[in-house]
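The next block holds one structure in the form of structure tokens; read it before the comments.
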Ligand code: ADP
Ligand code: MG
């Protein structure tokens with residue numbers, strides 16, 4: 001799960017981490033009220049969307065010369081003008097895709113005099129089974145280019161969670177940032193605070209970009225992105241309450257209500273599968289046959305007719321779907337029960353695209369009979385390879 005910048009900053013502030021003052025705003029009035037509480041005379045108005053690259057982003061509705069999603073404002077009138085221009089409009093950044101994201105929230109924050117921008121992030125490094133701290137002196141809006149063109153400017157320090165954060169980790173971070181004197185001490189302290197926050201909040205990723213050195217010699221977090229391990233959210237009700245469903249794909253939100261694991265993808269073949277491993281294999285074999293999956297969907301072990309129907313509806317809401325492949329292994333669930341669910345669901349949703357079903361497992365013969373006698377144009381398949389071939393052929397035929 002992701003949260004907004006202003007929410008992440010609220011969480012980090014509780015760990016004593018240096019954050020410029022700021023206020024979230026849903027309306028132009030709130031933005032101006034927020035700015036009034038700040039010392040001024042420099043304010044920054046920031047679009048709150050679950051995507052980075054806002055500074056260099058462009059608003060769809062505004063001209064090419066218009067300012068992006070992070071704006072310096074030099075007066076309350078400027079704050080008002082920027083808030084008016086940004087709210088309700090669609091910001092397109094390198095991370096949003098062409099569709100962009102509508103800006104429904106702003107964050108009005110203190111303008112900081114920046115001496116230098118740094119980069120610091122923490123993530124779970126599965127390969128080493130450790131927490132990786134990724135550090136660079138080249139922070140700011142071009143970090144992707146730095147990673148690509150001059151990877152030697154990026155240092156990775158890994159921390160064994162069983163051992164925890166040690167003073168030498170802090171020194172390594174400060175050294176990699178080439179800091180001396182008091183700034184060096186501040187960096188060591190900050191690295192430890194960030195590690196503590198990362199572990200205590202069960203983060204999957206915590207990125208600070210930029211971390212800045214101010215003209216008066218302080219380290220401040222100017223921008224942060226945080227994402228959390230969804231499986232640990234039950235331990236963090238305050239974080240869970242920060243979820244903003246308007247930032248998520250509506251189909252994915254609906255799927256989570258039915259306890260379906262659904263991820264929308266770019267292809268044209270909808271997949272309904274039980275078990276994540278089988279779902280992955282199904283997607284692979286669709287690709288092997290020259291087509292692309294429209295989604296990942298795991299209906300889970302105990303799929304009921306209701307769940308199967310909901311899954312069908314979610315798949316069909318995607319206008320790109322030109323065919324559906326159902327690949328279910330009836331282990332705990334029996335194939336005849338699944339077949340009944342599929343037939344019922346296909347009737348309920350007035351299925352208009354080709355449907356290929358591959359069933360295997362307990363009562364598979366009864367299941368196949370139910371599909372064949374349903375009067376619906378369901379194509380039955382014998383194995384995974386056969387199923388993928390058939391759905392790709394059906395979609396080609398229908399096109
Ligand atoms: P994004 O990463 O989405 O582009 P950032 O919050 O990192 O958004 O802002 C982009 C740039 O704007 C930063 O690299 C920094 O130079 C500048 N900036 C952001 N917040 C402030 C601030 N409070 N004061 C001064 N400059 C800022
Ligand atoms: Mg940034």
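Including glycine, each Cβ sits where the backbone N, Cα and C put it.
Automated prediction, rather than curation, is the source of TrEMBL annotations.
Summary of the site annotation: TrEMBL records substrate binding at 331, 332, 333. Screening the candidates 218, 231, 268, 274 against this entry identifies 274 as the one listed for that site. TrEMBL names 53, 54, 55, 112, 117 for binding ATP. Of 37, 46, the residue it gives for the same site is 46. DSSP classifies residue 117 (ATP binding site) as strand under the three-state reduction. Closest in space to residue 332 (substrate binding site), of the binding-site residues given as 46, 112, 117, 223, is 223, taking the CA atom of each residue. Per-residue confidence over the domain 'ATP-grasp' (9-264) averages out at a pLDDT of 95. Counted within 10 Å of its Cβ, the other Cβ atoms near residue 332 (substrate binding site) come to 10, all protein chains included. Of the candidate binding-site residues, 209, 223, 274, 333, the one lying closest to residue 46 (ATP binding site) when CA atoms are compared is 223. Between the two most distant C-alpha atoms of the annotated ATP binders (46, 53, 54, 55, 112, 117) there are 19 Å.
Other C-beta atoms found within 10 angstroms of the C-beta of residue 331 (substrate binding site) number 13, with every protein chain shown included.
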